[in-house]
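S.K.: The structure's right below; bear with me while I get my questions together.
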Amino acid sequence: MPGERRRFAQATKSVGVSWPAKVRRRDGTLVPFDIARIEAAVTRAAREVACDDPDMPGTVAKAVADALGRGIAPVEDIQDCVEARLGEAGLDDVARVYIIYRQRRAELRTAKALLGVRDELKLSLAAVTVLRERYLLHDEQGRPAESTGELMDRSARCVAAAEDQYEPGSSRRWAERFATLLRNLEFLPNSPTLMNSGTDLGLLAGCFVLPIEDSLQSIFATLGQAAELQRAGGGTGYAFSHLRPAGDRVASTGGTASGPVSFLRLYDSAAGVVSMGGRRRGACMAVLDVSHPDICDFVTAKAESPSELPHFNLSVGVTDAFLRAVERNGLHRLVNPRTGKIVARMPAAELFDAICKAAHAGGDPGLVFLDTINRANPVPGRGRIEATNPCGEVPLLPYESCNLGSINLARMLADGRVDWDRLEEVAGVAVRFLDDVIDVSRYPFPELGEAARATRKIGLGVMGLAELLAALGIPYDSEEAVRLATRLMRRIQQAAHTASRRLAEERGAFPAFTDSRFARSGPRRNAQVTSVAPTGTISLIAGTTAGIEPMFAIAFTRAIVGRHLLEVNPCFDRLARDRGFYRDELIAEIAQRGGVRGYPRLPAEVRAAFPTAAEIAPQWHLRMQAAVQRHVEAAVSKTVNLPATATVDDVRAIYVAAWKAKVKGITVYRYGSREGQVLSYAAPKPLLAQADTEFSGGCAGRSCEF
């Protein structure tokens, strides 16, 4: 074998350089020939079989390039030539791995072809499946009418059209810059911006908060507005706190009120009906103030029946006064919102225990820290914030909207280090993109457009934190990870502020600037610039981990196009192949376990760098959320995962710690506490961890579509 390799290397040195100028891809497009791509493919195959000859990949790549000759080389011919040259060199093990890789890629292309999708972005099959069902435009026969790259181009062009309002003729230049970010998956906006750009719907904002006042007219008018928004793919959040309690007098009829929980059920049913004909499952948030007389019914609304309110996340709006009363075992007042009168007093600790027991049982309700939120309200003169969007990352005033986007941190690496310059550049362009979204989006009701333009709130966040940490070999549950996450979010927020100030110089400050807490500082284009969403489907499209969440499993099966396909975390897959310990049997065993911690067959540093959400202590979940929140103007959507053995006291401790850590909201999820959870490790016999088509690795318990 060594003699064959030496003769092969010597033979290749004598061949003259006459390489192809172009490569014809399978879709017929031409791209420049790049010998480095051949060398990289051979290097990956060599690493998997522990072939450590550093010169071999370059030698093989040169031999392939020489053999192809001048002109245009079809990609299949290039790959055939790689196989042949590996065989001639006696590198049978490397050739076998390369052949298997080709076969798997061919199977993936076949599956995508069956879906009728052209995918020049080389996305995962799960991503392509979701895009086909809900994002891509279709022709009259229901077939996809655009490719994955054309979807990104459509969104970029639509959003960049806003640029011509400020600098005529500049939209084409900015469309190209926006498209580069989207095609490279360095940044993606919330789903409606991808779905609805350039369509008749035209609604690009992700979520809205709608007001509900204490009258049937308001209740049903808001319900109608919510249906219209949900039909277009928008999520809705509500404060039910202004509705009179159950049993209260209704003067106009002489009857009694049914209370906020009854109308909450009505809203949930409507969301289910609307979503059946829409592009996304309805997702809503209901917040009820802790002082409302019906708070106990609200707290137990989902705990008593897991199938209740499937389209709603529930959060109790708690105040500092209530939580201080809990700490000192004081009394808590319940106040009728119609009259403003105290109707009852109860031990604060008793109510808090009921909240914690319900969350322990099924994940709801979470907490929204109203005083913490309103201390950071950028425009307090416009009102007190009482509700959030469905996932809790954006507290909003009535009729305000979320215009969200996330930087893919996994794409912010270069040569094994964070590319800080690129991170700041992407953040600056992303702020401009999101500001443009406000201008080009259509708003079904005038109040929505007026509220969006008055404060021009945007929410630039992140996804892929867990993948970035794993790629750097940093355990998620470590001081180093918390420090890096803090530094990342600080740099993003600083870059976002700089970009917003520059936009204010070009376009003017947001109209409500003089009434804002920034009035004495320099002008800003946006009242709010940062927010960390769970990212839902967009992290699936980007092929990375959700928001700032840990990985939910290292290997799992996903139901796609009628089959269950084994998926492996891409970062773990690369590491395992690079270090030569990748084996199909190993991956199948990991899939049965879900995670790799405590798995003795892997190196200790690998086990440490790839924790799953269920393997991380709750305190580390909260520490990460709190660290990121310190450099986020809106809020951070994050689930604190608890083991199945967690107690109600554990939930209580996390909720109190979250308040003291000054996060703006908190959600817990105890493993196994909800029927039909997406991810399952425990079974009477080994069972592969499973995910449905659209699960992206975020919260296993609460609803998130955004």
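Cβ coordinates are placed from backbone N, Cα and C, and glycine is handled just like the others.
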S.K.: Same substrate site as Gly206, Cys207, Gly235, Asn389, Pro390, Cys391, Gly392, Glu393, Pro534, Thr535, Gly536, Thr537, Ile538 according to Swiss-Prot: which of Ser191, Ser197, Ser218, Ser521?
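M.R.: Only hit among Ser191, Ser197, Ser218, Ser521 in Swiss-Prot's substrate site, alongside Gly206, Cys207, Gly235, Asn389, Pro390, Cys391, Gly392, Glu393, Pro534, Thr535, Gly536, Thr537, Ile538: Ser191.
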S.K.: Which state, by DSSP, holds Ser191 (substrate binding site): helix, strand or coil?
M.R.: helix
S.K.: Pop the Cα-Cα gap between Glu393 (active site, proton acceptor) and Thr537 (substrate binding site) into the table, whole Å please.
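M.R.: Here the two Cα atoms are 16 Å apart.
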S.K.: Tell me the Cβ neighbour count for Glu393 (active site, proton acceptor), meaning other Cβ atoms within 10 Å of its Cβ, over all protein chains shown.
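M.R.: Glu393 (active site, proton acceptor): 30 neighbouring Cβ atoms within 10 Å.
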S.K.: Cα-Cα, whole number of Å: Asn389 (active site, proton acceptor) versus Cys402 (disulfide bond)?
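M.R.: Cα to Cα, Asn389 (active site, proton acceptor) and Cys402 (disulfide bond) are separated by 8 Å.
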S.K.: Reported as an integer number of Å, what is the Cα distance between Thr535 (substrate binding site) and Cys391 (active site, cysteine radical intermediate)?
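M.R.: Just about 10 Å between their Cα atoms.
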S.K.: So among Ser191, Cys207, Cys391, all listed as recorded positions, which is physically nearest to Cys402 (disulfide bond)? Use the C-alpha atoms.
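M.R.: Comparing Cα positions, the candidate nearest Cys402 (disulfide bond) turns out to be Cys207.
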